[in-house]
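These notes concern the structure reproduced below.
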């Protein structure tokens, strides 16, 4: 009985200590240069504060288009704390999506993040599906923003006649990406992917015709 009580008190103390501080304990914590990792933590080690500079908080990794010369005619460039040191411990990541004419970002989810997208150029059809299989969809033009809730399947499709560019911010420094095609077909190429993309576009069009889409 005494040992059980001691165990309960110890567990309660540990839980209190672990949950007592959720915020950053320092102003900044830019990612330290990569080295052989001997200890594993939830994030990346911080640079020595004496070596932190303004350059740690600037990135130019989204200034050029991604390569859209592929079957989906799209490219996603995701920048996390590993590439952008200043993001470390702040719970943020950013990305750029380039969509050629008829380009598609196939349905995918981010298990650890919500995503807010900003259309910089072009006309883009975006949408997500909730746990009740209800589709929420909008056509966006340059200057519009849209929100994809955490972990829900979502997609982007170029609905215009020129290349489109989208910039995003995600509220996790490592949001993760789960693509429906990769998960189901283990990156099976060719006919399976082609049929899936065709089915997605046909389903969206059919829902629009039937009035089953929230716009």
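Residue numbers in this text run from 1 along the chain shown.
Including glycine, each Cβ sits where the backbone N, Cα and C put it.
Whatever TrEMBL says is automated annotation, not expert-curated.
Taken from TrEMBL as is:
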- 108, 110, 115, 154: Mn(2+) binding site (BINDING)
- 110, 115: oxalate binding site (BINDING)
- 29-46: disulfide bond (DISULFID)
- 60-193: domain 'Cupin type-1' (DOMAIN)
- 1-20: signal peptide (SIGNAL)
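All features noted in TrEMBL, drawn onto the structure.
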| residue | record | Cβ neighbours (10 Å) |
| --- | --- | --- |
| 29 | disulfide bond | 23 |
| 46 | disulfide bond | 16 |
| 108 | Mn(2+) binding site | 19 |
| 110 | Mn(2+) binding site | 25 |
| 115 | Mn(2+) binding site | 23 |
| 154 | Mn(2+) binding site | 22 |
*Neighbourhood of the Mn(2+) site (108, 110, 115, 154): other residues with Cβ within 8 Å of the Cβ centroid, in order?*
109, 113, 128, 148, 152, 153, 170, 175, 177
*Reported as an integer number of Å, what is the Cα distance between residue 46 (disulfide bond) and residue 110 (Mn(2+) binding site)?*
25
*Report the DSSP secondary-structure composition of the domain 'Cupin type-1' (60-193) as helix, strand and coil residue counts.*
12 helix, 59 strand, 63 coil
*Could you tell me the C-alpha distance between residue 110 (Mn(2+) binding site) and residue 29 (disulfide bond) in angstrom, no decimals?*
24
*For residue 115 (Mn(2+) binding site) and residue 29 (disulfide bond), determine the Cα separation and express it in whole Å.*
23
_Euclidean distance between Cα atoms of residue 29 (disulfide bond) and residue 154 (Mn(2+) binding site), Å_ = 32
*To the nearest whole angstrom, state the Cα distance for the pair residue 29 (disulfide bond) and residue 108 (Mn(2+) binding site).*
30
